[in-house]
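Here is what TrEMBL says about this protein:
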type: TRANSMEM; residues: 24-41; note: transmembrane segment
type: TRANSMEM; residues: 48-67; note: transmembrane segment
type: TRANSMEM; residues: 73-92; note: transmembrane segment
type: TRANSMEM; residues: 113-134; note: transmembrane segment
type: TRANSMEM; residues: 146-165; note: transmembrane segment
type: TRANSMEM; residues: 202-218; note: transmembrane segment
type: TRANSMEM; residues: 238-255; note: transmembrane segment
type: TRANSMEM; residues: 267-289; note: transmembrane segment
type: TRANSMEM; residues: 309-334; note: transmembrane segment
type: TRANSMEM; residues: 377-398; note: transmembrane segment
Amino acid sequence: MFNALSGMGGGGQIDHEAANNANTALYTTFSVFGVLGGGIYNLLGPRLTLLAGCSTYVLYAGSFLSYNHSHRQPFVVFAGALLGVGAGLLWAGQGAIMTSYPPPRRKGSYISLFWAIFNLGGVIGGLIPFILNYHREEAASVNDGTYIAFMCFMAAGAALSLAILPPAQVVRDDGTRATAMAYSDVRTEAVEILKLFANWKMLLIVPAAWASNFFYTYQFNNVNGVIFTLRTKGLNNVFYWGAQMLGSFGIGYFLDFSFTSRRTRGLMGIGAVAVLGTAIWAGGLANQLRYANGKWEGPLDFKDSGGRFAGPFVLYFSYGLLDAMFQSLCYWVIGALADDSETLSRYSGFYKGVQSAGAAVAWQIDNRKTSLLSQLIVNWSLTTVSYPLLVVLVLLAVKDEDATAEDEERKMPKL
């Protein structure tokens with residue numbers, strides 16, 4: 001739901017300033033609690049960590065409902081900062097579950113399954129503003145009903161987090177249990193988190209983590225938010241997040257089943273995403289040159305703009321496809337570095353912390369009216385730099401499954 005809200009550009013507001021400042025606060029606190037989130041997960045376990053994290057999303061959507069009437073930024077910025085704390089907890093817990101619960105040979109497909117469910121929320125969330133604002137073709141902020149619908153879905157999601165099983169109760173289809181999680185203590189987690197900043201594996205993934213949410217600001221605010229009418233923005237997000245479902249399934253199954261060697265699958269996956277990413281960003285450059293001054297003449301509507309709508313729509317769809325493939329690839333690499341829940345929660349938290357620091361910078365870059373062409377070039381460059389470093393990481397740190405499975409059998413008791 002948060003993705004759908006952000007994807008409308010400006011949190012659904014015609015003036016992006018409040019959302020940009022809220023997102024800067026959000027990703028600043030997220031960058032801290034993303035890193036700390038893995039340790040908190042190891043202290044509290046999955047249920048409490050996820051419940052605390054999910055609850056902050058409801059307040060964030062509510063702050064925009066309030067802003068529709070008061071037009072006062074402080075509450076929106078505060079809700080954004082609090083959401084950063086909650087998001088750090090949610091994503092550290094989610095990362096640990098997604099990468100440690102599956103058996104080693106199925107991590108890619110489980111990551112893709114998560115990503116599809118995750119983006120199904122974005123698809124439904126995109127339909128909400130599309131339906132509720134269908135007859136409002138002019139540029140405007142979304143109505144109150146849109147925010148109320150988001151809040152209801154978010155509250156339901158928070159309550160459902162109580163149904164998550166702890167890893168010790170998860171039995172895989174091969175009869176092994178997921179990691180028997182031993183709850184940690186604050187001192188241990190503090191030391192282990194600090195070690196991450198000197199861990200060469202984590203340092204190699206920093207550029208990919210930084211890049212992986214950096215492009216959202218450009219895509220949401222300056223592609224979908226600038227080029228299209230209000231109702232079309234919601235429709236576009238249905239397809240943007242739908243494309244993510246396709247992209248995650250494609251790369252997930254490729255990373256699990258394409259070659260016998262896990263290392264070879266990782267290297268080929270990086271190559272495939274790099275080639276596709278280069279082509280999509282090149283298309284983005286061609287489109288951006290059409291409105292280098294940041295102003296698009298005559299917003300495009302899916303119903304009224306005819307053939308003019310097709311090119312920018314396909315580009316935005318392709319951005320969603322690439323995002324899912326890029327992030328699923330990163331999570332697969334992280335999941336291939338270890339198998340235990342404690343370690344992977346810290347790795348996932350570190351990834352989200354760096355990712356969020358990049359996003360905080362990106363929202364302020366846009367808020368300072370940086371040229372859109374410069375934003376695109378920076379986004380393209382960041383993703384391009386990350387590919388060779390991921391190759392090095394896979395070559396040096398990813399084991400083939402035979403060795404990993406033997407380690408797993410020694411560690412995990414059979415039922």
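Start at 1 and count along the chain as shown; that gives each residue its number.
In case you wondered, yes, glycine gets a Cβ from its N, Cα and C as well.
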Would you kindly list the residues that approach the transmembrane segment (113-134) from elsewhere in its chain, counting only those six or more residues past its ends and only Cβ-Cβ distances under 8 Å? 1, 3-5, 7-8, 12, 94, 98, 140, 142-143, 145-146, 149-150, 153, 157, 230-231, 233-242, 244-245, 248-249, 252, 324, 327-328
What residues in the same chain, six or more past the boundaries of the transmembrane segment (146-165), come closer than 8 Å to it by Cβ-Cβ distance? 1-2, 4-5, 12, 46-47, 50-51, 54-55, 57-58, 61-62, 64-65, 68, 97, 121, 124-125, 128-129, 132-133
Counting only residues 6+ away from its ends, which parts of the chain sit with a Cβ under 8 Å from the transmembrane segment (377-398)? 201, 204-205, 207-208, 210-211, 214-215, 218, 262-263, 266-267, 270, 273-274, 277-278, 281, 284-285, 326, 329-330, 333, 336-337, 358, 365
Return the stretch with the most CB pairs under 8 A relative to the transmembrane segment (309-334), choosing among 202-218, 238-255, 267-289. 238-255
Tertiary contacts of the transmembrane segment (267-289), defined by C-beta under 8 angstroms and 6+ residue spacing from its ends, are 223, 251, 254-255, 258-259, 311-312, 315, 318-319, 321-322, 325-326, 329, 332, 372-373, 376-377, 379-380, 383-384, 387, 390-391, 394-395
